[in-house]
Amino acid sequence: MEAAKVYTQDGTVDLQGRPVLASKTGRWRACSFLLGYEAFERMAFYGIASNLVNYLTTRLHEDTISSVRNVNNWSGAVWITPIAGAYIADSYIGRFWTFTASSLIYVLGMILLTMAVTVKSLRPTCENGVCNKASSLQISFFYISLYTIAIGAGGTKPNISTFGADQFDSYSIEEKKQKVSFFNWWMFSSFLGALFATLGLVYIQENLGWGLGYGIPTVGLLVSLIVFYVGTSFYRHKVVKSDNLAKDLIQVPITAFKNRNVHCPDDHLELYELDSHYYKSNGKHQVHHTPTFRFLDKAAIKTRSRELPCTLTKVEVAKRVLGLTFIWLVTLIPSTLWAQVNTLFVKQGTTLDRKIGSNFQIPAASLGSFVTLSMLLSVPMYDQYFVPFMRKKTGNPRGITLLQRLGIGFAIQIVAIAVASAVEVKRMRVIREFHITSPKQVVPMNIFWLLPQYSLLGIGDVFNAIGLLEFFYDQSPEEMQSLGTTFFTSGIGLGNFLNSFLVTMIDNITSKGGGKSWIGDNLNDSRLDYYYGFLMVISIVNMGLFLWVASKYVYKSDETKEVSGGCVQMDAKALDTSPLTI
């Protein structure tokens, strides 16, 4: 007798829109086709970002402030454009097709960038390590290539990770447990790509040629895309809802403001809402009332106006987004700290003794590999030991709450920037001791003094970066999970823009009236320790704000689609409203 066909319970379908069998699709088997792309995309991104500041200063002759600002602006664009890509995916064509179109743009950008550093007419000529001034055409072509990649990243970044998470059915107990580990191992694969970039590609760029250094990840991306499409028959797809999500989010506060003088009933059952069967028949998710942001409840008040009020579900979706926005705001400063890895940390490393033995010299950007190495070592320990240990202590399937995970990561970052400031104080002491004044003089201090600050940032990211990605995916409304993930990407993007602004502002203020800039072209005659100390102070203030916001945040509940007697049945798990305690 043939076994009964069991379909997924979360409404996922195949590429033709048909229900999919749970046993033959999704889960880790489907994700295995996706992980390769993530590894090669991270290799491409970090292969550019980790050493871009050196290319801009040595090949395009940009000064320190301009190069740091341009690296931050490009990185910011890479992480901001996913807002558009996620909106297109959630509102119009879905994650799969948005990713497909954007990945081709990404690869095009990589091909153009490889040409920009390879074709003689498109790159400045160099002799004995000294490069001629780049022409306007060469500079323009280089930056067009970079920002083509940024546009492509807009559709790939928010959709490939959420598409991977879609392969696990949230209504299956077994698959839900697997989903808890998904983001840890997703980031693990991205760390592998980043590790190869910072260890291998950076060395290749500086010793064997920039064209080969950019060409390798370009070919890798093409191969990984072929592998991705080989797995098409195993993928599960979320059904795209036709609702205008942005319009709904704007409508709720406007309607609430119009009803600001109307008394809001104490019983939320008196607020406007559609029957639960409507949501079930249309494959939509009904969201139940929560006591947070009560002023928005006025948007669902039934009035005598001809205009229908917002449904309670729309109001609650707006509340969720507002709650996520407050968390997002306090992630900007931590993202600013991370922006130092590919900018000032690299410039700092170029001044130090990088020799190993008599012939080999470590590229300054390669020290970024220790961020990745510490993450690679920490992720399995976190997933296999820390989570089970804390799960026994707390009863939480994740071990600790998502916000507790973020808080620990932010605290480790503060320690990392404090260490960076202390190391810089040590570097300045050595500079004074040996009377070093020239920007090209090597400071007799081993580059591995920078190792602790890199490693601490890597350990912090196991809590911070992975936690942020999981938090914004998990806490976003069901129909907005790609857009919700852009809270993660846009936070990193704005963190880079903020660092660009801070570097420029600090330089202008400290150099005013002929003063010595904290971040001058001659880092041997600057005060980076002051800038790192400034970042540490604002990070501590931001940590206090985070603790306050986290203590007020209410996690969204787990809802099932089973309907009995007209009432949506809820999981036994109550809302996790425990405040963050570290």
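Using N, Cα and C of the backbone, Cβ positions are placed for all residues, glycine too.
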Range among 34-55, 210-231 that TrEMBL annotates as transmembrane segment: 210-231
Paired segments the transmembrane segment (210-231) and the transmembrane segment (321-340) in contact, 3+ CB pairs under 8 A: no
Stretch in 96-117, 360-382, 530-550 most in contact with the transmembrane segment (321-340), if contact is a CB pair under 8 A: 530-550
